[in-house]
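Please read the structure below before turning to the comments.
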Amino acid sequence: MYGIEYTTILTFLISLIFINYIFKTITSTMDFIIYRFLFVMVVLPPFVKTQNYGVNLPITGSMDTPYINSTVSESFLTSTLCIYYPNDVTNQITDNKWKDTLSQLFLTKGWSTGSVYFKEYADLASFSVNPRLYCDYNIVLMKYDGNSQLDMSELADLILNEWLCNPMDVKLYYYQQTDEANKWISMGDSCTIKVCPLNSQTLGIGCSTTDPTTFEEVASIEKLVITDVVDGINHKLDVTTATCTIRNCKKLGPRENVAIIQVGGSNILDITADPTTAPQTERMMRINWKKWWQVFYTIVDYVNQIVQVMSKRSRSLNSAAFYYRV
């Protein structure tokens with residue numbers, strides 16, 4: 001009887017010692033693995049240059065907020081630059097290889113061959129309808145025209161700023177603008193905009209809501225129109241919807257990866273709608289040369305300074321995106 005009890009106790013003690021040994025072995029092994037992993041994590045980062053990519057936002061999200069995607073200072077060798085120019089350039093420059101020449105000159109400023117793109121547009125009106133800004137950095141050249149100052153100003157306001165836009169059904173609803181950042185942006189082949197302000201009884205002020213001919217015309221046969229009316233008052237609108245799309249837009253802030261260079265003119269265009277504020281000239285520059293070769297030489301010389309006042313972004317912009325988030 002006593003022998004059986006001693007044997008049971010001895011077996012229990014041996015099992016306890018064995019289990020304790022197993023636990024110590026497992027603990028030592030885990031310590032080794034954890035310490036080795038931590039050692040590797042501490043030692044390797046200084047020797048590895050990684051890039052942290054952000055979340056791929058849906059189309060309804062912000063398309064133009066600059067996202068810093070790199071853990072190190074970014075080199076121009078990894079960026080793309082688009083230069084948009086009017087067709088007047090090709091009418092003046094007869095050299096068929098002028099783009100290759102400029103690419104070689106940009107190479108001397110740190111921009112690799114193939115990272116600089118030259119894109120031609122016919123006129124400001126057509127460019128405003130479909131502003132394809134695909135590069136990391138976008139520079140738009142606008143030749144000054146005294147007869148097109150307002151068109152240039154509206155286009156500059158459109159592409160230099162980020163807008164959040166929603167559809168408008170002008171046949172069914174009244175609309176009002178809440179503040180200075182709230183505008184109605186119309187784009188199309190031919191936009192004619194008429195407005196009728198309403199009082200608190202929804203009766204027209206100086207116009208009849210049932211007769212569009214009594215509405216006040218604020219734009220006529222335009223491709224791009226930014227409409228500003230009195231804030232806080234409902235308006236009935238009449239729009240040529242067959243050839244024009246109008247959106248209720250809110251200016252969210254600057255689009256930092258776009259700059260405009262005005263070619264010619266005595267002063268830089270003022271794109272600020274508020275008459276009480278100083279003109280907005282950020283990322284709006286002027287080159288006063290008569291020849292396009294001289295213009296491009298100046299851009300090559302100052303390209304890195306121009307880019308320094310801009311911010312690289314991670315998404316492109318085209319006209320389809322405009323109708324959701326510009």
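Residue positions begin at 1 at the first shown residue.
Quick reminder: no glycine exception, Cβ is built from N, Cα and C everywhere.
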(request) Among Gln92, Gln104, Gln177, indicate the single residue that Swiss-Prot lists for the Ca(2+) 2 site containing Asp228, Val229, Asp231, Asp301. (result) Gln177
(request) Determine, on the basis of Swiss-Prot, the cysteine among Cys135, Cys165, Cys191, Cys196 paired with Cys244 in a disulphide. (result) Cys191
(request) Between Cys165, Cys196, Cys207, work out which one Swiss-Prot annotates as bonded to Cys249 by a disulfide. (result) Cys165
(message) For a quick check of understanding: among the binding-site residues Gln177, Thr214, which residue's Cβ has the most other Cβ atoms within 10 Å?
(response) Gln177
(request) Determine, using Cα-Cα distances only, which of these recorded positions is closest to Asp301 (Ca(2+) 2 binding site): Cys191, Thr214, Glu216. (result) Cys191
